[in-house]
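Trainee: Okay, handing you the structure first.
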Amino acid sequence: MGNMGKLKHWLAANKAAQGGLLAAFILVTAGAVYGMDKSVVAFLLLLASLLLLYFTSFSNKIKWMAAGLLLIIIIPFATSGGSSYEAYMEVASQCGIYVAMALGLNIVVGFAGLLDMGFVAFFAVGAYTYGIFATGQANNFISGDMFPLSGGYFWIFILLGGFMAGIFGILLGLPVLRVKGDYLAIVTLGFGEIIRIIFNNLEKPVNITNGAMGLSSIQPPNLFGFQFTFPHQFYFIVLLILGVVIFAVRRLEYSRLGRSWKAVRENEIAAQSMGIPLIRTKLTAFAIGASFSGMMGVVFAAKQTFIDPTSFTLIESTTILVMVVLGGMGSVPGVILGASLVTILNLQVLTELTNWLNQLSSRGVIQVPDALSPSKMQRLIFGLILILVAVFRPNGLIRAKNRKVQLDQTDRSVKPNPISGQASGASSVNE
Amino acid sequence: MISSILQTLPQVLIDGLALGAIYAVVALGYTMVYGILELINFAHGEIFMTGAFVGTTVLFMFQSFGWLGGLPAWFSYLLIILIAMMVTGSLGVGIERVAYRPLRKAPKLISLISAFGVSFVLQDVVRFIAQLKTGNYIVTSDSLFSGRMTLDTSAISSVFGNASIKANTIIILIVAVLLMAGLDIFVNRTKWGVAMRAVAQDRETASLMSINVNKIVVLTFFIGSALGGATGVLFAQQYGTIDPYIGFILGMKAFTAAVLGGIGNIRGAMFGGIVIGILEMFASSNLGILTHGSFGAEYKDVFAFMILIIVLIFKPEGLFGRAVKEKV
């Protein structure tokens, strides 16, 4: 305690100080990113300012405006200084894609309490929906030589990919009506594998997915003649969709549907006897979660211009699950944090560490065997995160909070019901 | 079409039986843990894989010491299996202690997630070790029994072709039957077995009857994992090539077998394993013929997962299990 405690107290009370410190932090880190040629640390600190912003005590409106300012203007501008502009923007867009997917899975796992181990299948459905029609591939089963579609169709395909993934979500959801708990995890895992095997082999009798060869030279998006090719251009598309997704998730969480999801998660039978339609509630969770993933699948296909079944394996499904569990199941800010952390860990920290070790061993300082290179340790790290989080922090980094409801809105003098206060504290995921 | 299917049928049945025996023993591990803790031990497939690697390592060590020539082959086989069983059994106990016991009172979702974590850690750790030692994580092991003989099935009727059977296949069948019979006797006839069944029935009441529940759980994990490890050795001997990722898909199929027979039911797991093994072999050799080449053997895994999903949807209690009433 002592001085640190006093400082904390003073900061918590003083909004101007918070704002000033945050602004200074952003200025310094943004300047560092702009000025230095490639500094991963500075870039990470700049991103961390979003997290700091979350912990300030400003009103939500101000926080959102500041976050928008950071994401739309400051980050793209700060990174544009050096030669590694595209590399930074690539990381940022991947981050956005994963955040949207993790938010989708969070609806299924976090809100509705249905463990889905095959979530990447929906991402694949979205990616292939665009990939098949934006290459010549569709000519194999639709006569008339109309394909590839031009990049202008990309914008329609975002919706279409989401819609297709939603349909697959409902298809996968159908077994849910009979199966729950651990069994559900296995069924979804099996479903994900089936989808992958089918995409991997659907080159005969009719060549639809081009099998293990994958689809290449997918048309880039096109808006009134403007071609999107570079990561910094995709960054804005990702940001736009992510904005829509976050808005939708926040509205859904406290809607009638969102409350039904949570009720089903806490106690299915009690929820049912309170008149919540079990089938519809679970199926909508699957469909909405899947459609977010499908939309980002379309963006992914357009950004990479190449997709093949190796991008949609079980490790990808687990990656998204790790994001949700690490951040905190059911907590929207937590999931955003978890997804960003895991993506940055994968794309920046592990690769940088590997490069550094490789340099050391090429200079002959130390010998690091190839088997131990950090970028190959993904599974080990994910596995450890899963175990450690499950054992020590089952609620994740930012635990989910239920919004407190003032029972008697007219009479302010009445204190909140102690029972409802307790219930909001115990918001862990129960079966 | 029918005639070519019949021609290969004896071979398919024999290969299917060997594969099915492996599935059956692995399925026992799932069933035992589920029966006692109601937890699906996802890491079980990886324990099987570790067993395969431990067995192969021991075999290589024997080779480098030059012991293989001196000892009779059956004795070194037995020794390898026993060592693998000890290692994987202890591994199973360790996993229970670190990743499952702290979560016994936590929501099921959480323990499931930690089980997935364990399985990933095991895959990568084995990969590290294998890659460090051999430079490649795909390891090819020598077979102790490489003999082969022909079964004259065409003598029964000319519609069948001849089948060839490896000496290894016979050993797999014998060892699998011994393991299963041993487990069956252990669970049904011994005092420890009675205690295990009591804990599976009701953990709290069993603890009131002066049964040390933790000890029984540890024992269950040890036996289940040791069985898995032994099967890993059998698998490595039969198929020759192993890699750190074989456990996942094989574990899924063994789990399918356990569910098909009714999870928690030991005899059901054996039956389910044999059925899945034979069906899979049948599918992989005949899917191409049945669909005129549109779909080939690459869809055999889809087959297993389809069975899993269909069983879970229409008969989640399995063929031999009893439906459990839901507790409110």
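Using N, Cα and C of the backbone, Cβ positions are placed for all residues, glycine too.
In case it helps, TrEMBL gives these features for our protein:
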- B:12-35: transmembrane segment (TRANSMEM)
- B:47-68: transmembrane segment (TRANSMEM)
- B:74-95: transmembrane segment (TRANSMEM)
- B:107-130: transmembrane segment (TRANSMEM)
- B:167-187: transmembrane segment (TRANSMEM)
- B:216-239: transmembrane segment (TRANSMEM)
- B:245-263: transmembrane segment (TRANSMEM)
- B:270-290: transmembrane segment (TRANSMEM)
- B:302-320: transmembrane segment (TRANSMEM)
Trainee: Would you call the transmembrane segment (B:270-290) and the transmembrane segment (B:74-95) in contact, using three or more Cβ pairs under 8 Å, pairs 6 or more apart in sequence?
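Mentor: No, these stretches are not in contact.
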Trainee: Give residue numbers and ranges for long-range contacts of the transmembrane segment (B:47-68): same chain, 6 or more residues beyond its ends, CB-CB under 8 A.
Mentor: 26, 29, 76, 79-81, 83-85, 87-88, 91-92, 95, 122-123, 126, 129-130, 139, 141-142, 144, 225, 228-233, 235-237, 242, 244-247, 250-251, 254
Trainee: Decide whether the stretches the transmembrane segment (B:74-95) and the transmembrane segment (B:216-239) have at least 3 CB pairs under 8 angstroms, with pairs required to be 6 or more apart in sequence.
Mentor: yes
Trainee: Are there at least 3 C-beta pairs under 8 angstroms linking the transmembrane segment (B:167-187) and the transmembrane segment (B:12-35), leaving out pairs fewer than 6 apart in sequence?
Mentor: yes
Trainee: Assess whether the transmembrane segment (B:167-187) lies in contact with the transmembrane segment (B:107-130), where contact requires at least three Cβ pairs under 8 Å among residues 6 or more apart in sequence.
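Mentor: The answer is no, given that the two segments have fewer than 3 Cβ pairs within the 8 Å cut-off.
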Trainee: Among the recorded stretches B:107-130, B:216-239, B:245-263, which has the greatest number of Cβ pairs closer than 8 Å to the transmembrane segment (B:302-320)?
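Mentor: Comparing B:107-130, B:216-239, B:245-263: B:245-263 has the most Cβ pairs near the transmembrane segment (B:302-320).
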